[in-house]
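The active site, glycyl thioester intermediate annotation in Swiss-Prot covers Cys173. Residues annotated as ATP binding site in Swiss-Prot, with similarity to another entry given as evidence: 24-29, Asp48, 56-59, Lys72, 95-96, 117-122. According to Swiss-Prot, the Zn(2+) binding site annotation covers Cys158, Cys161, Cys439, Cys442. Sequence annotations record features per position, and here Swiss-Prot assigns compositional bias 'Polar residues' to 556-579. The compositional bias 'Acidic residues' annotation in Swiss-Prot covers 582-594, 630-641. Feature annotation from Swiss-Prot assigns SUMO cross-link to Lys190, Lys257, Lys275, Lys610, Lys612, Lys623; the stated evidence is similarity to another entry. The SUMO1 cross-link annotation in Swiss-Prot covers Lys236, and the record cites similarity to another entry as its basis. Annotation comment: Swiss-Prot describes 546-641 as region 'Disordered'.
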Amino acid sequence: MAMIGALPKELAEAVSTSRLLVVGAGGIGCELLKNLVLTGFINLDVIDLDTIDVSNLNRQFLFQKKHVGRSKAQVAKESVLQFCPEANITAYHDSIMNPDYNVEFFKQFTMVMNALDNNAARNHVNRMCLAAGIPLIESGTAGYLGQVTVVKKGVTECYECQPKPTQKTFPGCTIRNTPSEPIHCIVWAKYLFNQLFGEEDADQEVAPDIADPEAAWDPTQAAERANASNVDGDIKRVSTKQWAKSTGYDPIKLFNKLFRDDIKYLLTMDRLWRKRKPPVPLEWSSLHNKENCSETQNESSLQGLKDQKVLDVTSCAQLFSKSVETLREQLREKGNGAELVWDKDDPPAMDFVTAAANLRMHIFSMNMKSRFDVKSMAGNIIPAIATTNAVISGLIVLEGLKILSGNTEQCRTVFLNKQPNPRKKLLVPCSLDPPNPSCYVCAIKPEVTVKLNVHKVTVQMLQDKILKEKFAMVAPDVQIEDGKGTILISSEAGETDANNNRKISEFGIRNSSQLQADDFLQDYTLMINILHSDEMEKDVDFEVVGDVPEKGPQKPSEQSVKNITNGSDDGAQPSTSKAQDQDDVLIVDSDEESPSSSNADINMDSASLKRKLPEEETISSTKRKRLEPPVEEDDDIIALD
C-alpha cells in the first residue's frame, strides 16, 4: 500500500473506508482493479456478465489461459487477492441490468466506476447513479484514444445529456437485392446465420425482397409482387429456416438456393439492373469441377498469416459447406428448438459468415475480403492497446481521489489523444459541463417529443424500439394521459400482452397525445409527447424531435466517438445479457480525433476556440459541442448489431 502513505491523512482515511462499485472486468476493468487496491481502496465490488475468452489474454492481465471459460469478475477478484490479500472484494457474475441491482443496491457505494462495453448498460448505470445520488466515473478506450469523465447529479452533464450518433444502418432492400459494398454482403451473411441457426427476425430476412419499389415500374407492381404466392420461384412460401430444416441443412442444397436460385430470381427484377451490373449466379457443381484448380492457391495460402489471405471462390464454397456441417452438428447437440448465437470468436460461425459474405461479393462483382477483414467489419473491431487501458484506468483513480477529497469542481473530462496537440499534450483535460436542461434523463421534468405514425406503430414497437432501445428503459410501464389513466404497457408479465400487436391509434393515441413512461427499477419517469406524421421517411419508424435528434449532431466527430469502447478488441463484443447491445459503444461526446484524421489539426482549432483553466493548460468544454472536426469516412468500421 505504498500509495496510501503519500496521501493526506483525511484522504487516506476516506480511501481505506470507502466502498466502490466497478462495473466491468475487461480491458479497463483489470487495470482499474489493480490500481485501486494499490492506491489503498480495499472495499470493492466488481460485476461483469462475461466469461474469459482466449482473445482477452493479451491485455487483460489478471487472466491466464487456465481461466478461459470462467467468470471475469470472479477470476479478477482471485487474481487481485493474490497481491493484495487484505482487500475485501465481492464479485458478481451477472448483468448490472438485473433488477436485483436496484437503487438501494447502488446507495451502498461511495462512487461507481464504469468499465463497460455496451451503450445500454452505460445508460442504465447512469440512471441508477442519478437516482441513488452517487457519483459516476465513466470511461472508454479505442486503440490509442481514451476518455474519462465524471457524472454527478445536479452538478455535471449526465451520460445521456448529449445525443450519441446512431449506428449506421442500411435499407433492407439494399441488403437483400442490390448490395454495392462488401459491408452489405457481410451484414447479409450475419442475417443469414440467424435465419438458419439463430433466432429468426423478420427484419433480417435474406431472401430477395419482391416488394422492392425500385424493382417495379409503378407502385402497383410492387404490391402485386408482394401479394404473389405459390408461384414457381416465390421465395416467401416458407421461411429460410423451415426450408433449411426440410433439407436437413444440406450444404449443397443451401448453396444452390442462396447463390443460384435466389440470384436468378433477382435477375427477373430486370429494372434493378438497368443501371447496375447484374449479379452472376453460382452453382455448386460448376465450382466443384474446378476444385483441383484451387489447390495451388490453397497450398500457398498456408504461408504467412492464414486469416490475412483472400480465398478464391471455390475455397469459399468449400468453407461454406464445412461450416454449415459443423453448425448443423452444434444444433443437433443442443437438441430440438435450440438456437445458436453468432460470435466472432466462434470459428465455425466466423467461417460461415466469411464464406457466405465472400460468395455474395463474388456474385455482385466486388473484391472479396480476407477472414481478418470480414471479422473486423462484422465485429466492429477496434484494435486494443493495453497501455491505453492502463493510462485511462489511472485517470479514473485520479478523478476518484478528487471526489473523495470533496473537490468535485476540480474534476475534468480528460481525453487521451493519439498524437500530441499543438501544446505538445497527449492528455487534454476539459472542464465539466453543467446538466443539459433539455436532457430527457436528468432534467427536473424529463420530457421528449417523438414523431411517428400512430396508425403504423404498434404497442410492441413502442415498448421495444422506442422505450427500451432508444430510451434505454429496462422494464417500462406506460400510462396514457387521457384523464382515465389507461395502462398501455405493464412491466408485470402477461398483464398487457394482448395489446402488443395493436396499433397505438386503437387506444385513442393521436397527434399531441401524452404518454407517461415509468421505469421503477431505474426510478425514472419520462413524459412522451406524440407528434403524428403520415409522411415518415422510408425505413424510419419514429424520430425524436428537438434537442435529442434521432441522427445525432449534424457533424459530430463520429468515428472518434463511436469507437470509444472498453478497450476490448471488439467495440460490440457479444454479451449474454438480454439487453440490447450496441456496437457503436459510446461514452460522452468527445472532440478528439478520429483514428484516421489529423489530431494536430483538430486540436489547433480547439486552441483557438477555448479558454485556459486556472493554473493548467486545459480546454474548456463550454464550446466543445460547436467544434466540427473533419472526419474521414471509414466504411471498414461499421456498427452492425
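The count begins at 1 with the first shown residue.
Just so you know, glycine gets a Cβ as well, placed from its N, Cα and C.
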Nearest to Lys257 (SUMO cross-link) by C-alpha distance, among the recorded positions Gly24, Ala121, Cys173, Cys439, is Cys173
The recorded positions listed are Cys158, Cys161, Cys173, Lys190, Lys275; by CA-CA distance, the one closest to Ser95 (ATP binding site) is Cys158
Here the 10 Å Cβ neighbour count for Asn118 (ATP binding site) comes out at 27
Within 10 A of the CB of Cys161 (Zn(2+) binding site), the number of other CB atoms across every chain shown is 24
Other C-beta atoms within 10 angstroms of the C-beta of Cys173 (active site, glycyl thioester intermediate) total 18
In three-state DSSP terms, Lys190 (SUMO cross-link) is classed as helix
One should report the C-alpha separation between Cys158 (Zn(2+) binding site) and Ala121 (ATP binding site), rounded to whole angstrom, as 14
One of the binding-site residues Asp48, Asn58, Asn118, Cys161, Cys442 has its Cα closest to the Cα of Lys190 (SUMO cross-link), namely Asn118
Of the binding-site residues Gly24, Ala121, Cys161, Cys442, the one whose Cα sits nearest to the Cα of Cys173 (active site, glycyl thioester intermediate) is Ala121
Integer Å value for the Cα distance linking Gly27 (ATP binding site) with Cys439 (Zn(2+) binding site) is 30
Cys442 (Zn(2+) binding site) to Asp48 (ATP binding site), Cα to Cα, whole Å, comes out at 26
Mapped onto three states, the DSSP assignment of the residue listed as 'active site, glycyl thioester intermediate' reads helix
Within 8 Å of the Cβ centroid of Cys158, Cys161, Cys439, Cys442, the other same-chain residues by Cβ around the recorded Zn(2+) site are Leu130, Glu157, Tyr159, Glu160, Pro435, Asn436, Val441, Ala443
As a whole number of Å, the Cα atom of Asn118 (ATP binding site) is distant from the Cα atom of Cys161 (Zn(2+) binding site) by 17
The rounded CA-CA distance in Å from Asp48 (ATP binding site) to Cys439 (Zn(2+) binding site) is 28
Ordered by sequence, the long-range same-chain Cβ contacts of Asn58 (ATP binding site) under 8 Å (at least 6 apart) are Ala384, Ala386
Rounded Cα distance in angstrom between Gly24 (ATP binding site) and Cys161 (Zn(2+) binding site) is 23
